[in-house]
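**Q** I'd like to ask you about the structure that follows.
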Amino acid sequence: MEKMLVGCLLMLGQLFLVLPVDGRERPQARFPSRGRHVRMYPQTALLESSCENKRADLVFIIDSSRSVNTYDYAKVKEFILDILQFLDIGPDVTRVGLLQYGSTVKNEFSLKTFKRKSEVERAVKRMRHLSTGTMTGLAIQYALNIAFSEAEGARPLRENVPRIIMIVTDGRPQDSVAEVAAKARNTGILIFAIGVGQVDLNTLKAIGSEPHKDHVFLVANFSQIESLTSVFQNKLCTVHMCSVLEHNCAHFCLNTPGSYICKCKQGYILSTDQKTCRIQDLCATEDHGCEQLCVNMLGSFVCQCYSGYTLAEDGKRCTAVDYCASENHGCEHECVNAESSYLCRCHEGFALNSDKKTCSKIDYCASSNHGCQHECVNAQTSALCRCLKGFMLNPDRKTCRRINYCALNKPGCEHECVNTEEGHYCRCRQGYNLDPNGKTCSRVDHCAQQDHGCEQLCLNTEESFVCQCSEGFLINDDLKTCSRADYCLLSNHGCEYSCVNTDKSFACQCPEGHVLRSDGKTCAKLDSCALGDHGCEHSCVSSEDSFVCQCFEGYILRDDGKTCRRKDVCQDVNHGCEHLCVNSGESYVCKCLEGFRLAEDGKRCRRKNVCKSTQHGCEHMCVNNGNSYLCRCSEGFVLAEDGKHCKRCTEGPIDLVFVIDGSKSLGEENFETVKHFVTGIIDSLAVSPKAARVGLLQYSTQVRTEFTLRGFSSAKEMKKAVTHMKYMGKGSMTGLALKHMFERSFTQVEGARPPSTQVPRVAIVFTDGRAQDDVSEWASKAKANGITMYAVGVGKAIEEELQEIASEPIDKHLFYAEDFSTMGEISEKLKEGICEALEDSGGRQDSAAWDLPQQAHQPTEPEPVTIKIKDLLSCSNFAVQHRFLFEEDNLSRSTQKLFHSTKSSGNPLEESQDQCKCENLILFQNVANEEVRKLTQRLEEMTQRMEALENRLKYR
């Protein structure tokens, strides 16, 4: 009775202290929050006593996305510090870890990091805002896999130490949370989910433990999160409810902070009353890979098969039983498996007998003639209809028709074919007789059989004959005799000049000096070619009124109609020539393109080795280039003006920075060509700390320093770094890269020599397309500060942008190529330009090598030596006010050495220094902090713009 009273008092106290998120309607304070209702929690004083001797492993997970501003982030830290106040923190009581997340997860400290509450509080105060994305699921996964591992300080599960996650978030996650949160809860982790502002309530419920009214909380803003402190003190410090209440759990009672939940044994699930348990039907939700039947068992399942099937060795698939495998069961023909037994089957054309095993041939015509007009005949597998002699089967395969032998056999009768009962014969038309071959016909010759009386010709007709006259004669009235015909008597038949009778007809004649035209009637003047060749190169041929020129065989007439040229034998076919087919007389020869020679077969072509066959005169190396060659120089040399001899670059100092476009329009294959281009330039320089210093930037949507001017002291190391350079492959922010180069790459911190040394500063900017930002501002600043700018563009590079980048004169500092095949020529010209710059500098050597010069501040460049660490340490007030800057964790090794050497040197640095200097340093620090803040704000705005731009490009 006493336990029940205590439990009721505790639960009553919670009802007054906490108003958690719940699906049921409860009285709640409401206020506007963009159209949503958010629950207000009352401010309740903390309990006087802490959670003494309370053993727990507690991990805070804090949303550090960009949507959380600086003020709200400070409120979250205050909330954590308030929670820590009532916890008994120590290795044997409560252990505390903390993660914060954005696009990635940052482990601020693990469960084993700190042993005292003061250490945890100090770490919370030093946390820095990540200000990136919202990967909530990733943070929970990290806590499950790493933060609660024994290696990170979590106590073993066998010790039954509660594992608790307290997660604070203010927005919709960018990844999935439900599955990973459920997995964490199933391992025994208790999750409190706290939402601030416009958080989706369903998302919070997917994260938090059940019942949601005890583990899911929602407040309007970060200022109200402190109202939850007392709620969590009650939940984290309460006694075990299972021991003081009549819980009525059917199987197990599990304590939760301030409450309890019922759990079931393996193979059972909790009923809707949240107390009783029922057997879990594992087959109800999925078949578990069972091919046919899934049968539920207590805590498990088995796969079973239908009748006629057996379970395979994998326990899931089913195989049909082969009843005919061992014997044919007396079947005469075939044994066939049925669903749960077997049956006998006969071959085609046979039927199964009554014993269901033997077979008999089928008599298809016994019961019916199947509609056959003449005869029904049994075949192998069916009945066929057959016709009597002299008949053939119709397309219906049943009725018959008389055979048309004349149509079927095509006997070749010249006139007519006549069918008979069993065959056919040929017959001739009237006036014809059948020839002995029985097929062809001959006309009856009436003229040969009787005396017809015809004077000249007798002509057979269909049934008799007629007399006819020879050509040039006409039949007389007796129809037998003939008289010569006068064709010109009645008409001149269209003759232009005169009509003359001939033996058989007439002919037109022309006067002297004329010839008859092809129409046989009109006349033309005599042959035009007889008077001259009329300029015809080969032959002149007269036409009706004039002439035409013709060419000999193998030639064709040109457009002038007079001269001739040889036929193009290569026009329609190349005759197997690999490169070119060229006409040669009346034949052809094969020829090759420049840079190639003809092979022995006279058709294929082989590349010429011009360097091998020519006295090229190259001092170092000869390289074939089509039908010509190029001279190249060894490492450290450049080509002289004659294009053949080589000269060494002056080994003077130079600070050279490559700015390389790594955008996706370039492509990985061309990026390799650019890397060869860079190493070629490096080969022409005497790389050392005192001579040539080289740095390299790669850019796309961001700028990446591959190595600085002080990165390498030898060409070998530098070329190796270029070879291993990774392709970025995104946008093209050339202006951003020029800004980075101007502000950072040529600073003494990154290895540049100060302007006072007058060491030439050279930048080689390579790009293959239009920049996505402005290049003119930073290109102008770089040139104004003495940096010689070379612009190299390939492909789609914009000439106007290249001109804005390049130094004057443009023709010496701008190089453009349509493709990457001419990069070698550009490389040689660049080497010459760089060598000229070295020669103009007079071969000066930089004695400072890699050390930073200890000189006065140069007004033209914001070098980091303007204010040194030892100057800061000399100002005691500044050092005390900003002691965080000089703690061990925040100083580099070099700064620590300087600090200790200053203290041990015995110099009067503290009070003897000029106080004005200290005040100036503090003023500078304030101004610098303000500038850093402005730059940070601009960087955030630029980052947002870049992300929006990348998203637009992604979905184009």
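The backbone N, Cα and C atoms fix where each Cβ goes, glycine too.
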**Q** Quick one: which of 488-526, 683-721, 800-838, 917-955 does Swiss-Prot have down as coiled coil?
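**A** It is 917-955 that Swiss-Prot describes as coiled coil.
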**Q** Name the residue from C253, C262, C277 that Swiss-Prot records as disulfide-bonded to C264.
**A** C277
**Q** Do you know which of C611, C631 Swiss-Prot records in a disulfide with C618?
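**A** Among C611, C631, the record in Swiss-Prot lists C631 as the disulfide partner of C618.
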**Q** C318, C344, C346: which one closes the disulfide with C331 in Swiss-Prot?
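**A** Going by Swiss-Prot, C331 is disulfide-bonded to C344.
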**Q** Pick from C346, C376, C385: which one does Swiss-Prot say forms the disulfide with C365?
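**A** As annotated by Swiss-Prot, the paired cysteine is C376.
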**Q** Counting only residues 6+ away in sequence within the same chain, which have a CB under 8 Å from the CB of C283 (disulfide bond)?
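**A** Sequence-distant Cβ neighbours: C290, C294, V295, N296, F301.
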**Q** Cα distance, C335 (disulfide bond) to N221 (N-linked glycosylation site), nearest Å?
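**A** Here the two Cα atoms are 81 Å apart.
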**Q** Looking only at the domain 'EGF-like 3' (320-360), report the model's average pLDDT.
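**A** Average per-residue pLDDT within the domain 'EGF-like 3' (320-360): 86.
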**Q** Specify the nearest of the disulfide-bonded residues C264, C303, C335, C499 to C426 (disulfide bond), where nearness means the distance between Cα atoms.
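**A** Among C264, C303, C335, C499, C499.
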**Q** Tell me whether C335 (disulfide bond) sits in a helix, a strand or coil according to DSSP.
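**A** For C335 (disulfide bond) - judged by DSSP and reduced to three states - the answer is strand.
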**Q** So for C264 (disulfide bond), how many other CB atoms are inside 10 Å of its CB?
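**A** Around the Cβ of C264 (disulfide bond), 18 other Cβ atoms lie within 10 Å.
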**Q** Do any of C264, C488, C622 (disulfide-bonded residues) have a CA within 10 A of C253 (disulfide bond), and if so which?
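**A** Cα filter at 10 Å returns C264.
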**Q** Per DSSP, what is the helix/strand/coil residue tally across the domain 'EGF-like 4' (361-401)?
**A** 0 helix, 14 strand, 27 coil
